[in-house]
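Taken from Swiss-Prot, the feature domain 'AV-Nsp11N/CoV-Nsp15M' covers 1-58. Residues annotated as domain 'NendoU' in Swiss-Prot, with sequence analysis given as evidence: 75-216. Residues or ranges marked as active site by Swiss-Prot on the basis of sequence analysis: His104, His119, Lys159, Lys263, Asp347, Lys391, Glu424. Look at Swiss-Prot and you will find 219-518 tagged as domain 'Nidovirus-type SAM-dependent 2'-O-MTase'.
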Amino acid sequence: GGGGQSFLAADNAVLVSTQCYKRHSYVEIPSNLLVQNGMSLKDGANLYVYKRVNGAFVTLPNTLNTQGRSYETFEPRSDVERDFLDMSEEDFVEKYGKDLGLQHILYGEVDKPQLGGLHTVIGMYRLLRANKLNAKSVTNSDSDVMQNYFVLADNGSYKQVCTVVDLLLDDFLELLRNILNEYGTNKSKVVTVSIDYHSINFMTWFEDGSIKTCYPQLQSAWTCGYNMPELYKVQNCVMEPCNIPNYGVGITLPSGIMMNVAKYTQLCQYLSKTTVCVPHNMRVMHFGAGSDKGVAPGSTVLKQWLPEGTLLVDTDIVDYVSDAHVSVLSDCNKYKTEHKFDLVISDMYTDNDSKRKHGGVIANNGNDDVFIYLSSFLRNNLALGGSFAVKLTETSWHESLYDIAQDCAWWTMFCTAVNASSSEAFLIGVNYLGASVKVKVSGKTLHANYIFWRNCNYLQTSAYSIFDVAKFDLRLKATPVVNLKTEQKTDLVFNLIKCGKLLVRDVGNTSFTSDSFVCTM
């Protein structure tokens, strides 16, 4: 019509039309993607977009289109999708590609303590239909390319956030085939894919010429943080300088909220999702509690998070005031106790250059001084079944801490979202099983793997999760606590410890000398 005429006469213009002019270059927007006043149009015509620059038609880029379906009201739109919902997993994988990692990516590994894979809406729908899944949407914007869900599988295997995409399954399989053909000889590759004209990065890992996993590198902006994917634990990286893509990018916190309050809030939010033991009269030790403000913000957050009746002991080398039950002002090396703890948190920071940093005055004597003490404290004073979170950075770390982490039922490196633009992470060990002689990956290699993860991933900084405090409190799990002799520590006992169902340590009253008073609980 008239719009078409004036478009053809203009040098620079964009035409959006329901007419398809085959002789000109265009992009097609399927009608099912169209939204009017927040309502998606159930039946409408496809739209065609044409663009002219300097009097000539421009070839517009190709993109994959999301389908805009939610997993609750999912309807298949192709034979491939119907096959996926009707066929057995074995038959579907056999028919459409054994080497595409479909078991992980489409079907999801539901039998692990942390749900693996499951990166498509149709995959979620399949599990939902079989009553194998509960999910709660956490982003409700229809303009997001990715949808984010809290996912809970019926056997308790869970994932904090599942980031899924709703592409037509035909398009998704073709995308996987193209990735495999182009990059299959690599070990890993970040592949940028245009979806709804947004550039989405897919992290892809290959093994023996097949895709092992392929997931969108997009965790929602309100996540409490990022934990290192399992695959980075088994790499064999060489130590390189930390070169974080968004290093030093600031974050605006609400007025009156200290960085450490936000950071500890996110650390606690993450620990709440693990199998950390929470007994009655829990005992928590917090190292490096002080701050340059003379207060202990981390202890305040911990006290708010921990159940009623928990004993919180904190310590720092610099003077500070604290909400903890017991505060010890001293060099950590001087702090000794016979008692064992259920959770140990450390925010101590040092590095091998600490003398120079402190103008010749030794606030602490470097990594060996601080972290060898901390390692020996964990070995001697962490209850079996207990957990720990120790702050490390590129230069403030020690290989012995990675050894202890590998003696836990599970471990990871966790970066809080508020501080994701620094090299800081908490080394988290969940459910300590005691010193073992099992073969471990060297701490140097693991630290290099951590740096490698940080160097090749952009972690979005965000403070959103600190507003999500309705369910902040750590749930009292009433984990049983027993004091066992060595010969009583059977396989059954270790299985209970491994699952976070038992703590082994001294029981009864504790006595601590605080800098202000003697405290017996």
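Using N, Cα and C of the backbone, Cβ positions are placed for all residues, glycine too.
Shown on the structure are the features that Swiss-Prot records.
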{"residue": "His104", "record": "active site", "DSSP (3 states)": "helix"}
{"residue": "His119", "record": "active site", "DSSP (3 states)": "coil"}
{"residue": "Lys263", "record": "active site", "DSSP (3 states)": "helix"}
{"residue": "Asp347", "record": "active site", "DSSP (3 states)": "coil"}
{"residue": "Lys391", "record": "active site", "DSSP (3 states)": "strand"}
{"residue": "Glu424", "record": "active site", "DSSP (3 states)": "coil"}
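Here the Cβ of Lys391 (active site) has 22 other Cβ atoms within 10 Å, regardless of which shown protein chain they belong to. Recorded residues Lys263 (active site) and Glu424 (active site) have their alpha carbons 11 Å apart, per Cα-Cα distance. For the pair His104 (active site) and Glu424 (active site), the Cα-Cα distance reads 30 Å. Ranking the active-site residues His104, His119, Lys263 by C-beta neighbours within 10 Å puts Lys263 at the top. Figure note: comparing Cβ neighbours within 10 Å for the active-site residues Asp347, Glu424, the maximum is reached by Asp347. In the predicted structure, the domain 'NendoU' (75-216) carries a mean pLDDT of 83. Nearest neighbour of Asp347 (active site) by Cα distance, taken over the active-site residues His119, Lys391, Glu424: Lys391. Counting residue by residue with DSSP, the domain 'NendoU' (75-216) contains 46 helix, 51 strand, 45 coil. Between the alpha carbons (Cα) of Glu424 (active site) and Lys391 (active site) lies a span of roughly 7 Å.
A Cα-Cα distance of 31 Å separates His119 (active site) from Lys391 (active site).
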